[in-house]
Amino acid sequence: MSTQCVAKLFSTHIGIDLGTANCLVYVRDLGIVLNEPSVVAIKESTHEVLNVGSEAKSMLGKCPGNIRAIRPMKDGVIADFEITEEMLRYFIQKAIRYVPWRKRLLSPRVLVAVPSGITEVEKRAVKDSAKRAGAGEVVLIEEPMAAAVGVGLPVAEPAGSMIVDIGGGTTEVAVISLSGIVGAKSVRVGGDELDTAITQHLRKVYNLMIGELTAEQIKIRIGSAYPVKDDESLEVKGLDLVSRVPKTVRITAAEIRMALQEPVTTIIEAVRATLERCPPDLAADLIDRGIMLAGGGAMLSGLDKLLTEETGLPVFISEEPLNAVAKGTGVMLQEDSIWSS
Ligand SMILES: Nc1ncnc2c1ncn2[C@@H]1O[C@H](COP(=O)(O)OP(=O)(O)OP(=O)(O)O)[C@@H](O)[C@H]1O
């Protein structure tokens with residue numbers, strides 16, 4: 001029996017979207033089996049892992065002194081190796097529970113989606129962490145390619161397709177033709193930067209300190225990139241920076257849109273820069289095919305409208321933007337040729 005056959009029979013094939021905000025795990029033939037926030041809660045004194053994923057996220061900003069909830073990925077790459085490894089180990093082992101015992105005899109083969117702009121050193125770090133976390137062979141795939149495949153763009157055709165994947169830590173823009181990336185730009189600006197812009201606005205204008213989760217909720221509920229919901233408003237609770245007591249303020253969608261302008265402009269600029277460097281024939285294809293948005297940031301209200309206004313191209317939001325990359329790894333896992341043996 002060939003090595004390929006043995007591996008096919010006795011090991012699990014896993015695709016991982018190792019995101020700054022969320023980690024999704026796809027198991028071949030099963031689909032997405034895990035979708036959890038990339039957060040780990042640890043005991044400060046011993047570094048013991050207490051919780052991973054959703055439960056750890058609910059602890060963000062609410063932990064007592066000896067417990068810390070950490071997001072080990074930052075700007076799309078590993079910021080804390082040890083904790084990322086623990087998180088990967090937890091997710092890989094949890095995912096493996098869904099497969100029959102026969103498929104657990106060999107270490108799982110793992111396909112990890114990483115931002116297109118990461119360095120060789122960062123790539124090695126991801127591979128090493130996945131291996132130490134229990135993976136056998138580890139192969140990396142660029143996130144925009146995985147996202148494009150995941151949303152069903154016709155990447156193999158000799159024509160240009162454009163994907164913009166706006167995650168928590170990075171925005172990946174790519175033009176793809178004949179299954180290759182023709183032009184790409186990766187900027188370390190995504191949903192986290194939008195949250196930070198909201199936190200800074202409330203601090204500056206209202207002297208109000210809010211936590212990470214509150215900032216994200218404000219963005220999701222009334223955040224926008226275009227005046228599509230300017231008449232909406234929201235009550236926000238936080239800590240007054242001067243009197244140091246809890247306080248409530250009412251904020252409007254219009255002011256949050258203004259606060260988000262800088263990071264949103266960075267995202268738009270990344271799209272424009274990629275379009276400017278696009279070969280003319282492929283650029284011409286985009287006039288009809290437009291731009292496809294994926295990643296959680298694609299759901300920011302009005303971003304599609306603003307992008308259409310700024311580029312003159314039709315803009316579409318993928319059906320399940322948060323699942324695009326993981327679904328793309330799932331499609332690629334069907335190809336045995338991605339593995340070296
Ligand atoms: N409705 C929404 N409106 C705006 N942003 C949203 C919405 N829902 C989720 N998000 C944001 O999407 C981001 C997470 O997206 P996603 O899971 O695609 O990122 P990731 O893959 O973890 O990050 P990266 O690709 O940068 O490593 C978060 O910043 C989250 O706040």
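Count begins at 1; order follows the chain as displayed.
Using N, Cα and C of the backbone, Cβ positions are placed for all residues, glycine too.
Those TrEMBL annotations? Automatic predictions, nothing curated.
What TrEMBL lists as ATP binding site is Thr20, Ala21, Asn22, Gly168, Gly169, Thr170, Glu216, Gln217, Ile218, Lys219. Remark: Glu216 (ATP binding site) has Gly191, Asp195 as non-local neighbours, by Cβ distance under 8 Å and separation of at least 6 in sequence.
Proximity of Asn22 (ATP binding site) to non-local residues of its own chain (separation of 6 or more, Cβ distance below 8 Å) is seen for Asn35, Glu36, Pro37, Ser38, Gly168, Gly296, Leu322, given in sequence order. In the three-state DSSP assignment, the secondary structure recorded for Gly169 (ATP binding site) is coil. Across Thr20, Ala21, Asn22, Gly168, Gly169, Thr170, Glu216, Gln217, Ile218, Lys219, which the record gives as binding ATP, the greatest C-alpha separation is 20 Å. Listed binding-site residues: Thr20, Asn22, Gly169, Glu216, Ile218. Those with a CB atom under 6 Å from ligand 1: Thr20, Asn22, Gly169, Glu216. Ile218 (ATP binding site) falls within a helix when secondary structure is assigned with DSSP.
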